[in-house]
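Colleague: Pulled these from Swiss-Prot:
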- 30-357: region 'Disordered' (REGION)
- 69-82: compositional bias 'Basic and acidic residues' (COMPBIAS)
- 112-137: compositional bias 'Basic and acidic residues' (COMPBIAS)
- 145-155: compositional bias 'Basic and acidic residues' (COMPBIAS)
- 163-196: compositional bias 'Basic and acidic residues' (COMPBIAS)
- 224-253: compositional bias 'Basic and acidic residues' (COMPBIAS)
- 254-266: compositional bias 'Low complexity' (COMPBIAS)
- 296-309: compositional bias 'Basic and acidic residues' (COMPBIAS)
- 313-332: compositional bias 'Low complexity' (COMPBIAS)
- 445-614: domain 'tr-type G' (DOMAIN)
- 454-461, 500-504, 554-557: GTP binding site (BINDING)
- 454-461: region 'G1' (REGION)
- 479-483: region 'G2' (REGION)
- 500-503: region 'G3' (REGION)
- 554-557: region 'G4' (REGION)
């Protein structure tokens, strides 16, 4: 036989599992929990032993009726009221009653009017068809059995009496319909067969009632837990109240003891005899306690700390009802104003001010206010204001004081005052001059920084090309270096950093900048050219920077090379060879063929070893900007030379007047690196703007400090630029007036790197054309954009692009606005073009040229024409478009133009030498015989 678990039996019967377990234990079965198994016979015993009413209505078998042919048992049609009256009283537990009440649902409202109309219509139809009573009974019996089948699902959704009534209502409706004969006999037979099958099935489980029972059980458990939790919270609140009361009493005792001790120290007069105040005090305290609203509990009982619960007065319930009706935040405990409630609030204790000792030292800053000083020395501002008034200084607590006043005030208090040295966070130069910034114990040897200088086309880039084994020289426009480059090579296990500077005269500032950051200068002089102007300039820069010079005499492979002449010329400028007793090393090389290059590198390392070059790689990096430019995809790109410390990716950095974070870092070979030590040239991205070449940079501790320093430096630079106003004085008054009369060529300069921008602007400003000057409206790094064209159109300027190109939008806008764009890659061409433009803007200058002379031989006066002078040309020629002067006795009488010129009777353009003719002069008729006519023209002078 199969076994059943107890919870399965409970589900079938429709009761809780614990009831089945208890019943099984009463019957003597060995079970422990609802998961225990029993035999089928024991399961039937448990089911049959349950009390009536425990199982659901669906599990009860229907009473059997006497079978009749073609008829089944018919349940009588009953009403809800009759069922409620005739139903036997069942013994149910409290939980089951609660479950039934929870599961009870309100039946849906019926449309009685529609039912009456349907019944009347069906009755009329039945009478018309002549249906008999037997047919009606059969239909009713079939429908009574079918209604249970058709409404089985509907009955299962209900619970308890409500579902039973609902099924009865539906059954009565179906009965009314089938009573009219609307269901066929075959449908009735099917209904009877289904009902018979359902009656033979086992007991059903009412899931709705079961769910309601579980819900009721959960609600009961939650109510018990809530009650327990509420009581625990109430007990905790009472404990806290007791502790607070105890602490208050202890504090009161301490206060009384302190007052008593203070009274004992002072001799007090004899107190008058007074009545004991203990009883009235207790009475007052009791009165106050009565006025306080008692603690509330959830069951509307008054809770006393030392006694049982008491029933609450109806007064509080009425107040709660009024409060709920008002729906307001009414608070009964709110203190009412008035003399009757003055005793409810305890008097505030008087706080005694703590005495603070004066500090021994006081560090002040210029401009501190009285309030700030009072806060620092723990004194009232009024006290300090009083002291200042006694010293003769009228001040308020928000007034700033100077350093002398603060020191006098501190002397009066007996405090030693010292002025605080303020550190300018925006000052980058302090890192370069502060000796304490570097750790002397962490100093290590660093690579030398070598700057290659010399005249243009003397072979500087070719030497670097040979050293780096690359074709840098062929990539330069016009064969000259346009901007500075930094490279690093390795020789004998040691690194050397090279800086390449341009040799053209326009790049003076770049050469000076290179000399300021270098350790050794390699001066290249061509053996066939000798010392040139830029060679002398490089010598002066190196001497000004105090940098040792190594002379590399290049192009010794040429037939006309003369190294001895170069050595002698350099000696005249203070560069003396060690062979001649000087301190400069000379090396004869051929950069083109790589001759003596190793000797040059060894000489550089030897001089570097003598110089003892060291750096501290442990500090935050500082250094100098070698070059800066704007890249279309990367933004601002700066080439930096790290001089001290180590530069890392993501370091917050301040460069010149801008700031940023090192986003990416590449070395001279274009490879990405994460760190760069001393003497390493790197290219970084991540700056907000392109800095100026030659600016110093420093790494800060965090991005916030770097941002503050960068913004402050930019602000100061802007203020400094605005302060550079030219004031008119007696000394420069003439120059100012002359400048107002001069013509101006406005230019906008855009270049690829910052060094080229500076060099180009300086070169254009040096162009000397009398009467014309160059005005650089704007200069920047990057491509020519629309804003440049707009500015050029507004200022009537020419846009010069050096190694850059305009964007398509800028080019289209320039064509529309008729703005001229000049693109160049060689600085010579730019200077020549601007110089020609400046000369073309001058007003033309004319020079007087005498072309002929004539003598008046006869005069003729003609009406409406004037005086006609007959002349003979004595020198040169007289032309029709020439001007004429009338000279009489060596004095110019009139200067004007010829009105007509004739040879005999014909109008001619000119009359040659020794020929005769006639002429008239505009607006002059006083021509006399022997007057000399001098003919001249004005010729333009070429500049």
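Cβ atoms are placed via backbone N, Cα and C, with glycine included.
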Colleague: If you draw a 10 Å sphere on the Cβ of residue 556 (GTP binding site), how many other Cβ atoms land inside?
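Modeller: 19, counting other Cβ atoms within 10 Å of residue 556 (GTP binding site).
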Colleague: Which has the fewest other CB atoms in a 10 Å radius around its CB: 457, 460, the listed binding-site residues?
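Modeller: Candidates: the binding-site residues 457, 460. Fewest Cβ atoms within 10 Å: 457.
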Colleague: From the DSSP assignment alone, can you count helix, strand and coil residues within the compositional bias 'Basic and acidic residues' (224-253)?
Modeller: 30 helix, 0 strand, 0 coil
Colleague: Going by DSSP, is residue 556 (GTP binding site) sitting in a helix, a strand, or coil?
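Modeller: Residue 556 (GTP binding site) sits in coil per DSSP, no helix or strand.
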Colleague: Quick check on the compositional bias 'Low complexity' (254-266): DSSP residue counts for helix, strand, coil, in that order please.
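Modeller: Going through the compositional bias 'Low complexity' (254-266) residue by residue, I get 12 helix, 0 strand, 1 coil.
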Colleague: If you run the three-state DSSP split on residue 454 (GTP binding site), which class comes out?
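Modeller: DSSP call for residue 454 (GTP binding site): strand.
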Colleague: Within 10 Å of the Cβ of residue 454 (GTP binding site), how many other Cβ atoms can be counted across all chains shown?
Modeller: 26
